[in-house]
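Right, one structure below, let's go through it.
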Amino acid sequence: MKKLFLIGKSLKHSISPFIHNRILSEFDIDAIYSNLELLDTEMLKEFVEMVRKDEDVVGFNITIPYKEDILEFCDEVSEDVRIIKAANTVKKEDGKLLAYNTDWIGFKRSLEDRGVDVKDKKILVLGSGGAAKACIYGLYRMGAKEVFVANRTYEKAEKLKEVFQDILKILPVEWLRRYEFKYDIIINTTSVGMFPNIESSPFDFENYVAGVPVFVYDMIYNPLKTAFLKEAEKKGIKIENGLKMLVYQAIEAEMIWFDIVNLSPNFLLEILNDTEKNFGLGIYKVIG
């Protein structure tokens, strides 16, 4: 049996194994996907050494906090990873480790599903880590020309200017000044508000008087409706959580590992529905 992993920290509540194993079962692939918590970069190094030696390991996903650290252990990177400088998917092929990023694809497709147009919009991204980089790259691929970025450590937001200098304009915003500008779209890429700290929010809409956004997105999927999204919804703003992004990026990763094609139109909704039944998270219905 082939092996796949999700590596990172604090994976206790991750539903990625359920989603990936659901995909593997759908296509009768003899493989299993498991979580593996790594406490530090030394454990990351040991894991990579194990992957290279174990012929049954096909690849793995990476989540917080190793999406950037993993690059030094990979032999080749895709074009989007070269730009983003963060990877969430690695495939082992002919003894080499190849790094990809499917996060931006999942993010982009989930926005497209909602009919969100980012062209000529004022967009604020909260956070500046690997998830933020994938988000910004996805926005660029959808036609965005500039993005405001607010991070608690201003210098980290400032560094994104260099990362994306060749493709779009990054406008760093000091964390305490994030309420001073009018935005059409606000996107949270931080872990603030994630289970179990569900009362926390990275943005206080009661303090935001510069204008009302038309769309608010939270990459968090547990809970499905974070405090951030609840506050936005009370203001009449359209909202979206990160569950569709999670499923879309998982499907893209499986396509990289196993060349899966011909997904049924309802397959995404079937997985979302299965997630609802098994975890009490979902709010989606299968169509047709």
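Any Cβ shown, glycine's included, is placed from N, Cα and C.
Computed from a predicted structure; not experimentally measured.
What Swiss-Prot records for Lys67 is active site, proton acceptor, and it gives sequence analysis as the kind of evidence. Following the DSSP three-state reduction, the secondary structure of Lys67 (active site, proton acceptor) is coil.
Secondary structure at Asp103 (shikimate binding site), taken from DSSP and collapsed to helix, strand or coil, is helix. Taking all protein chains in view, 33 other C-beta atoms sit within 10 angstroms of the C-beta of Asp103 (shikimate binding site). Residues or ranges marked as shikimate binding site in Swiss-Prot: Ser14, Ile15, Ser16, Thr63, Asn88, Asp103, Tyr221.
What Swiss-Prot lists as NADP(+) binding site is Glu79, Gly127, Ser128, Gly129, Gly130, Ala131, Asn151, Arg152, Thr153, Tyr154, Glu155, Lys156, Met219, Gly242. Note: Ser128 (NADP(+) binding site) has non-local neighbours Val149, Asn151, Thr153, Lys156, Ala157, Lys159, Leu160, i.e. same-chain residues 6+ apart with C-beta under 8 A of its own C-beta.
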Winner by Cβ contact number (other Cβ atoms within 10 Å) across the binding-site residues Ser16, Asn88, Thr153: Asn88
Query: Secondary structure at Ser16 (shikimate binding site) (DSSP, helix/strand/coil)?
result: helix
- line: Across all protein chains shown, the one of the binding-site residues Ile15, Met219 with the most other Cβ atoms within 10 Å of its Cβ is Met219
